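A quick write-up on the structure given underneath.
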Amino acid sequence: MGLTKQYLRYVASAVFGLIGSQKGNIVFVTLRGEKGRYVAVPACEHVFIWDLRKGEKILILQGLKQEVTCLCPSPDGLHLAVGYEDGSIRIFSLLSGEGNVTFNGHKAAITSLKYDQLGGRLASGSKDTDTIVWDVINESGLYRLKGHKDAITQALFLREKNLLVTSGKDTMVKWWDLDTQHCFKTMVGHRTEVWGLVLVSEDKRLITGASDSELRAWDIAYLQEVEDIEEPEPKKSRASSPGIQDTHEPEEGTPETDETPEDRILTCRKAGSIMREGRDRVVNLAVDRTGRILACHGTDSVLEVFCVLSKAEVQKKMDKKMKKARKKAKLNSSKGEEEDLEVNVEMTLQDEIQRVTNIKTSAKIKSFDLIHSPQGELKAVFLLQNNLVESYSLHPSAPAPQPVRTSRITIGGHRSDVRTLSFSSDNIAVLSAAADSVKIWNRATLQCIRTMTCEYALCSFFVPGDRQVVIGTKTGKLQLYDLASGNLLETIDAHDGALWSLSLSPDQRGFVTGGADKSVKFWDFELVKDENSTQKRLSVKQTRTLQLDEDVLCVSYSPNQKLLAVSLLDCTVKIFYVDTLKFFLSLYGHKLPVICMDISYDGALIATGSADRNVKIWGLDFGDCHKSLFAHDDSVMYLRFVPKSHLFFTAGKDHKIKQWDADKFEHIQTLEGHHQEIWCLAVSPSGDYVVSSSHDKSLRLWERTREPLILEEEREMQREAEYEESVAKEDQPVVPGETQGDNYFTGKKTIETVKAAERIMEAVELYREETAKRKEHKAICKAAGKEVPLPVNPILMAYGNISPSAYVLEIFKGIKSSELEESLLVLPFSYVPDILKLFNEFIQLGSDIELLCRCLFFLLRIHFGQITSNQMLVPVIEKLKETTISKVSQVRDVIGFNMAGLEYLKRECEAKSEVMFFADATSQLEEKKRKRKKREKLILTYT
């Protein structure tokens, strides 16, 4: 067997050129004790933290593969919950940037994340129509709430009550009692999807946004509270929220006060509507932390801001109205002496929720976040559709509030998709060009060094010497830029249609262009002198034209500059001699046009990539097709050979980059990372770096490592990854829409839970073997009449020579809290008796009571029938009952003692701080007196 050919692995190095991606939402985060300065934005699979003041990226929360779809900061500001496309949730620490907690329970993308007021629980809503409540402290799922028939759009905890309210695309708003985990009320007053949901006025009012231009307000009355107050009916209705008028006719389809006994928790009645200016659907509806500012936006670039007035402010307003009405009534009444005029002023919803102003951003809004400072300033930050973050400030209390743009983050990315990429000859600079700008990046630091405005760019290269760049545009122009000054040196009308392709000549004296006007043009560099300047500058002049019968899509010189390959719209590639422009070969075989091609460094091979998803490798001597490879699941967009080799990269609309060997026709590796179609890529002259651009607005840098890549191993890894994916999908029914037994557990079977279950099984088997060995060893010692050395298991040795039972406990401790239930669910029953016996030992020793009780109760729940019917296990369960009750009460006592101690310390601290406060106040007063005396003395001396 010959030596296997070794390749070197390329790995993902960095993501840049992206400010924020569209799928998730932007949020303010607290870092270094500062609020309103830092924002977290989704960036494909990562989360970037930007400093608004400096416009710098200061932290990256590293994701795995899936795109981020939802962000939510914890109330204490120390953590950030991140929801992903595959339904997983990770909680990152903002101090360390690490994601230690992972929750797997949803089957589809996360659409909503909300913490409760203390930050102990997290509610997640998903496209799979379920809502799950997670215990953040214990890192486990509490319960799954099923009921919606379409994706969840929002889930909110109430502050005082243990209730949750959710809205969905199924037009429903549901109220859940979290004590009993059931839905006790469904509001059906909406005709269309409910896109947004907020609670204001101390949870006494609910505001919903749907697909029309009104925000509906609902008054919430908690029935326990209403019943407590001994008041006559009419008085009660007047004293309760002023928006509820008995004269108000319930809107068709809205529920009236529920009479059924199980609904005696709260009533929800429509209080009216606030009209938005936008005619389209509500995309986001949010309220700031204080609940005073309400804002929403549609599919356009306008954010509408409203102010929710407090009771005192509303009363003031009503008094003013009353005064006005009395005055008017006085004037209208014919007799001036009548004093007691009956004046009735109706309070409307508009009196309680007041429109403040509109904030107009520079592009369509994708998401926003608000922060209302104690000084009364409102900060709003926006993630826009065109890869941009803007922040505005506003004083809502001012007479005519005007929003002021305070900052925008723009340098770090293009406004539209990057269509062309190039490397400089020294591998250091990377050029990227889009519909409106050209940017030069430093490859090592990933910083943008230059930004120059251009027309819609399609192709580009660095001029030899790396001091100028040439861009080919959609309008057929050539644009020549000077990098030192960032100036546009010259614009030349090269083609009548789009200029699709450029190829630098190997002698570096000129280049060739191909365009949609069916011509190929040859250009030479030259130095020209402008009239007003003494120095010469670079320019280009056209030397020859080759006219063809079809649009030219791609051109490429052979390395010896003898041949020119031209790809045409008729699906063929024509090869011409450069010197005479005579026809040499035609390469035909593709079913759709050839979009990209490249010639190898030695001129022996040409590889062509087409919209028919195939790559063909041809010999350039006779034009024979060596091999046709089915390369991608969609069009092949770009193809480049690695310098000094016969390996080449292809990029496809299927979000993948693949590396191929053109000699052995082997697929070497796939670089996955982009989440949308890939438009182009560039390979550095050294072959060490590849940079790619995609419709997800990100640029990705891939780096060649020194790690060898063996094809057989690569295929094996691929198969393993496929198996792991299939494990997670095993539970899904074969027939779509067919439901299996309802899953009320919050977890989901993943490869991690399967591995955890396997670890438990291995530990129990090792425990069985070791106990059997130890029994044998005792018998041998007894027979021999002396102590015989016991052979120690190397695994137990590695754990510090512990007993087999302690090893089982170590394995249980090692399982992630969020995966514990799901891994016990996978465990076969044959292991349960041994585990229960071990649990009895551990609990008697008093170690890890909480963990063991959690496992024990879960096993009893899922194997109840088998355990109770097994006579052997009755004594074990009896013993467990005794030990568990006594040990749990011990733990409870300890916790009670600790709580009392903490309460005492808290009181002590408060008392101390009060004393300090008074001391500070007196010292400040003394200081003021001293200053006043000084000033008086000065005045006296002057006079």
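Positions of Cβ are set from backbone N, Cα and C atoms, glycine also.
The shown structure was predicted, so the numbers you read here are calculated from the model rather than taken from an experiment.
According to TrEMBL:
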type	residues	note
COMPBIAS	252-261	compositional bias 'Acidic residues'
COMPBIAS	723-732	compositional bias 'Basic and acidic residues'
DOMAIN	805-907	domain 'Small-subunit processome Utp12'
REGION	229-265	region 'Disordered'
REGION	723-742	region 'Disordered'
REPEAT	61-102	repeat 'WD'
REPEAT	103-144	repeat 'WD'
REPEAT	145-186	repeat 'WD'
REPEAT	187-228	repeat 'WD'
REPEAT	411-451	repeat 'WD'
REPEAT	492-526	repeat 'WD'
REPEAT	587-628	repeat 'WD'
REPEAT	629-670	repeat 'WD'
REPEAT	671-703	repeat 'WD'
Problem - Confidence summary (mean pLDDT) of the repeat 'WD' (61-102) - result: 93
Problem - Positions on the same chain near the repeat 'WD' (492-526), where near means CB under 8 A and six or more residues out - result: 458-461, 463-464, 470, 472-478, 480, 538-561, 564, 566
Problem - Summary of DSSP states over the repeat 'WD' (411-451), given as helix, strand and coil counts - result: 0 helix, 19 strand, 22 coil
Handout entry: Long-range environment of the repeat 'WD' (61-102) - Cβ separation under 8 angstroms, sequence gap at least 6
Key = 21, 23-31, 35, 40-49, 108-115, 117-119, 122, 124, 126, 128, 134, 136, 139, 672, 675, 748, 816-818
Completion exercise
The answer for the repeat 'WD' (411-451), taking Cβ pairs under 8 Å and residues 6+ beyond its ends, is 14, 16-19, 55, 57, 363, 386-388, 457-462, 464, 466, 469, 471, 481, 483, 486, 679-686, 688-689, 691-695, 697, 699, 701
Fill in the blank from the handout: Grouping DSSP H, G, I as helix and E, B as strand, the residues of the repeat 'WD' (187-228) number 6 helix, 20 strand, 16 coil
Exercise for the section: Work out, from DSSP, the number of helix, strand and coil residues along the repeat 'WD' (61-102). Expected result: 0 helix, 23 strand, 19 coil
